Every structure is written in structure tokens, then in C-alpha cells.
């Protein structure tokens, strides 16, 4: 740690950590587990974003498996080239929408590598059973195509049939090679492909999309925890989203599902408490014809409104959630409007990395005169406002997906059901203590993350057994203890 702290530039720290992972895997995980709050922003957002942008220049080792259009028809053979035979978790990307940074093509590999490091450090999944995959179908990023250090194939992205055939071959090869119980996590695919892939494979494979489902689960947990500070039930609140892509619609759907579960009202009814604003303004019924299919359920009766500020003033939401990928969109006027009709406005600025955040923690607290309950996607330092110190929450998917994946692995689940996401949210919200609430925290501190992951895993596994989707029988009597006993721990073995 002393040596790592000598580096002033975060990217150099990232490179030093990646070298360490290559050189001494146990020591890498020991460092990451013991210093999770300090190193998470290096291994993951925001630094991993910069690493992906410059991946070609800092490239030392492949780190994962690259599957390109050239391997069409031979994907099963390529999978067999990976030295480890027992794989439990695969994280796969095609690099088309990396964080809020756009199309980084093959250089998106930094994301599956980083995510799987967190599966191990935070969720205790064995490093040898994790497989990072990048599917290289080209890139539409002109700068990368011209970059002499770009590591992918130099062509425009394949789309349509060519694309879906390659992905279908990949999905079939994975199941054939690793069996029914391997978890495939889709990561940073573009909107249109993300929804289609999830819909297409959720009935036949164990698949999970972190951008749609992981984000939703972690935000729902934050909202449920925030209600303890604000009061009222989920159904008594009104939600407004800026951004109607994978994250926005995914979160909205899970909130509506939990509301419907609590109130026994049909989901079509509970969706009406949730409004979405996209780049063209408020999503309303009069726009129905031109909307993409995943936005249609959110088009309610209302006059068209062009801007977020108009929507905030008209809808008067109690919870404002940003998932637009566009920075500085929660302006002073927007936050002040939220504070004008809410005693404690709940504001989530979720876009990553930090540069794309809708507003900073300092802005949220200052403009609301310290009344906002704030959480963001990337980390912000504590803020002093009116003589009081506020610790902003981080709605980081790293709270959910490692424990979620562990729960699926230990129960031998064969499918992911939405109720498992709700179970993960409930477990996470239940880990926030009174002491955390007093500091204004709506997420537990990351230093207890392995304990939290074990609780989430137990809750998810319990739901898998309940739904009849678990194959590891008989069911362990104490799932939390069982989860903890399955977690990888980076210790050196004792030899006589």
C-alpha cells in the first residue's frame, strides 16, 4: 500500500494494481479486501473509465478472452483455449457503451476485468472460476479506428443478423462448455442490444444485466432506506427520472414491481407514480408513436414538457433520479425547486464517471441548504454545509452484483427471477444501521462489504430455493453461514 500511494496519478495506480494481479493474485485480493474504500475507485469507476479509454497504450497482458467476428463458427474452440475449465461467472461486454464514455470497442475489456475482480474481492467468488470476455464486432469510434495502439479489429460495428448470430453462437457455446449453472453477466452493451439480449436469453440461460438489473436493485435499496428518513411508504412517493435508457427504465420497473408487491395493486397502476424525462422532454402518451419499446410503459397522460425543470415543477416529485449519462443536468434551479416542495428531497445523481454526474454532492447539499438526501454513482468526499458534515451515499452496483452472483452460485440457480433482485435490495436496505442513518447515510459503509455480500447472497439463494430454481440440494440450514463458508479468502496455505 505504501508503494501504491506513491503514485499521484490514478491511472498509474491502476496499472500497478493490474501488474500485481498478474504477479501475485492472492496479494492483490488481500490488498483490495483490506483497503476496499481506497482502492475501489481505482479498480472500478472512475479510474477504470480512463483505463478503457487508454487501454491500447497501457496494454500488457490480455487479462481476458477476446472473441471477434473472425472466430465465427469456432467460438466453442476458443472457449476451450481458456486454461481454467470450471467457470462459474462470466462478465461479457461488446464495448459499445462503456460507463458514460460511449463506444470504446475492444478496449472495453477493462470493465469485465474490473467487475470480476470485485466479484472475488467483495463477493468471494473464486478468481479461477471467473472469466472476462470481450466480443469484438468493431467500433464506430473514429478516434480509436485511427489510433495506432487500438487493440481491436479496425472496422465499423457489425449489426443486425451478423451481430445476433455471433452472440447466439457465444451463448450456446458457453452453455455447452460450462453447463446450465454458469452466470453470464451482460455489461455495458448499448441500449437496444441490452434489452433484446436480456429478453431473448433470460428464459434459457442464467443471465443478468448489471446496467438494467444491478443498478435497479441498488437504487431501490437506497430509496427504501431513504424512506426511513423521509417517512411514508413507497407508493406514497412520486418519482421523476432524467434518462430513460437501460438504467432509468430498469430502476423504474423494479420500483414499480416492489410498489405493486407492497400494495397488491397491478404494476400498470403503480407505474403511474413514476415519470421519465428523456432527451426530448417528459415521456407522455402523445409521444407514444415515436417511442422505443422500452419507454412505452412510462408514457402517461400529461401535456408535453420540454425541460427537466418544467417537469420537476409540474410533477412535483419527492424523489429525483438521474441516469442520463450527461453531467451537470441537475442545475441550481432544479435542486431548489425540489427543495421548495419537499422537506427532505431525495436526489440520486447516478451517472458515471464523476465527470458525467448530474450534480456534485456539494451542489446538492448547498442548493438544498443541507436538506437533501443525496447519493451518487461515483464517489464524492464528505461535504460541510451550515456547520454540519454530510456523508454522501454511493449507489454503487458493487453493493449488489458480487453478493447477487454469490447467491446464484451457492444455490446452483439456473435462472434469474425479478424476485431475486427484490430480495437483494431488501437485504442491502436491511444492512443500514441507525448509526448510519444519523450521519445521513442510506447505504452501509463499504468496509463491511463482505458481510453485506453474504447477507445478500443468503437472501437471493433463499429466494432461488423458494422459486424452485435452485439445484444445490439439500438446502443448507443456515444460508448466511453457508455463504460465508463458500467465500474465497486470500490467505497463504500452511505447508508442513
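Glycine too: its Cβ is placed from the backbone N, Cα and C atoms.
From a predicted model like this one, the values you see are computed outputs, not experimental measurements.
According to TrEMBL, the features are:
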- 21-202: domain 'Malic enzyme N-terminal' (DOMAIN)
- 97, 352, 396: (S)-malate binding site (BINDING)
- 115: active site, proton acceptor (ACT_SITE)
- 187, 188, 211: divalent metal cation binding site (BINDING)
- 212-465: domain 'Malic enzyme NAD-binding' (DOMAIN)
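Shown here: features listed in TrEMBL, placed on the structure.
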residue	record	CB count, 10 Å
97	(S)-malate binding site	23
115	active site, proton acceptor	27
187	divalent metal cation binding site	30
188	divalent metal cation binding site	26
211	divalent metal cation binding site	23
352	(S)-malate binding site	24
396	(S)-malate binding site	26
Recorded positions near residue 97 ((S)-malate binding site) (Cα-Cα within 10 Å), from 115, 187, 188: 187, 188
Largest CA-to-CA spread of (S)-malate binders 97, 352, 396, angstrom: 18
In sequence order, the recorded positions (115, 352, 396) whose C-alpha falls within 10 A of residue 211 (divalent metal cation binding site): none
Recorded positions clustered about residue 187 (divalent metal cation binding site) [Cα within 10 Å; pool: 115, 352, 396]: 115
